[in-house]
């Protein structure tokens, strides 16, 4: 392999200035000299003409160089919703087919690994399929593996590692890329620590939180200030990101106030004293899934549905007899008020509040569309309760199902199906029709893959919320009884399945079904991205990382 294929960053100092970085520094300098962008005390953006200057910089950027780096910076800072039109034009100017053909026929091997991997990642993220074969030219033909000389190119390895997380099933070369890049980045840490703690921290952070599987909502604040990233444009857009962070933070606080008042007003916290009372935590799911500030009403409405998933889960896990759970499930399947007459008052209250919430969501769509999603929403909630009931019967009879059977039911009992169906309805995109809703209702792979990620992460440590009692099954328990393996064997199998589920989810988001609008795809990805934070319990059954993020955001 010719040496010219490697990045010009052939040293263990990964962010050595280059012509590309100098270009970004010149743009930043020119922007600062011509703009008086600042933050008002109330957090508003001022003036509008300065926001237009940001857009103008993006419009004038070379789409094959600075434009892509700017998009990367904007996405990392979590302000891509401001520049949707400009980003779309830059991405559309790229041709995945042309990109591949040009690379395939280039016999000089001069492409920089960082640039190629960045372009590959951004095109795939925006629904343009680029074959993973483009990375074959970075392999040693004699050995059949990635050229070990690339280990010197820390910047390129970081970009390759980021790109590898958009792998779909059967792309062995991206599996190899992930292993190769991670191995050599980890090996570089000792040398990096000697002369630049910031750069070492950046590599460690990337290894732990690759962009595609992270939420910029939680990571963007770490980029504020002088950040030693490979992308100099982060410093250009961070002032705007700070303004937006403050503005959106105020919006989130207002939404939490609405959610907590609604939760108090419906009285379930007093009626169901055994159930979790965590409206802020429930809101975090909505905040993470629906990131565009304009979706304020949708976040509040989604949090209401999520609260019932938690409450009903606690009813099935901790409170009721099996006979009562059967009656409750029958009531949710028929939606007849006569079916709840024999239930305790607390379960009657829950049923009525759930029915009111579903009717409210359906009526909103009916007013806009002239048809109601009521039947679909009710059917989805009935499926959830039926899955909860299956688990309750397993526990009552001391039956431990086969691992496959447990996971198939667990995909439904995870509640992901309910959340994503509600999101699909709440987004109210032009693609929302009874036909597309029927399709989403019937558990397409974008839902089952996301649900598998949540169910397996939830079971990985078999932890519960602080102070929560009750009984739950676990994939670990089912696997060990069926196959006789150890806890470590079960967890290794679970991580493999999580990896496979991510590949399936990636495929759905890259090879896009017209039935799924981009905001729905993004919400599905964001749900999967939040899962590790929501289930990363410590030995005290607390979520310290999530609590830290909540404090910084709210």
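Just so you know, glycine gets a Cβ as well, placed from its N, Cα and C.
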Per Swiss-Prot, member of 261, 264, 276 binding (2E,6E)-farnesyl diphosphate alongside 313, 317, 455, 458: 276
Residue 313 ((2E,6E)-farnesyl diphosphate binding site) - helix vs strand vs coil (DSSP): helix
Residue 458 ((2E,6E)-farnesyl diphosphate binding site): tally of other CB atoms within 10 A of its CB: 20
Fewest-neighbour residue among binding-site residues, criterion Cβ within 10 Å, set 276, 455: 276
